[in-house]
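Engineer: What follows is a single structure, and I will ask about it in a moment.
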């Protein structure tokens, strides 16, 4: 369920001492460094018919794992570009990713509209 616009998304915090984003030329794929590879995979994907309170608790625990992950940004972008329909990826739930994607689409449309207006005014 999408949140109303007045509510902010609760996403994994980016630690202040975050390691630099990986060099894209590294041989190993980004996910080999993911902290979640060492944690219980059940945190990141919901079992069927999971009660809401249990889901929220599990998602918060997964987001805490994401917050300390050196490849959280890469993971999040992967999930947004795929798009991954299930689970917590890069500190975002599937519902939160849908909101981010909708905001990006809206922003892109507004930028295109503004660019067309600028071009028309200059012409």
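For all residues, glycine too, the Cβ spot is worked out from N, Cα and C.
Nobody curates TrEMBL annotations by hand; they come from automatic prediction.
The annotation [4Fe-4S] cluster binding site is assigned in TrEMBL to 36, 66, 69, 75. Per TrEMBL, the feature compositional bias 'Low complexity' maps to 10-19. Look at TrEMBL and you will find 20-30 tagged as compositional bias 'Basic and acidic residues'. Here TrEMBL flags 35-99 as domain '4Fe-4S Wbl-type'. According to TrEMBL, the region 'Disordered' annotation covers 1-30.
Help me see these features in their spatial surroundings.
Structural biologist: In this structure, residue 36 ([4Fe-4S] cluster binding site) is part of a helix by DSSP. Cβ environment of residue 36 ([4Fe-4S] cluster binding site): 43, 44, 62, 65, 66, 69 lie under 8 Å away, each six or more residues apart in the same chain.
Summed and averaged per residue, pLDDT over the domain '4Fe-4S Wbl-type' (35-99) gives 93.
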Engineer: Which residue among the binding-site residues 66, 69 has the fewest other Cβ atoms within 10 Å of its Cβ, if you could check?
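Structural biologist: Fewest other Cβ atoms within 10 Å, among the binding-site residues 66, 69, is found for 69.
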Engineer: Which residues of the same chain, at least 6 positions away in sequence, have a Cβ lying under 8 Å from the Cβ of residue 75 ([4Fe-4S] cluster binding site)?
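Structural biologist: For residue 75 ([4Fe-4S] cluster binding site), the qualifying residues are 30, 31, 34, 66, 69, 89, 90.
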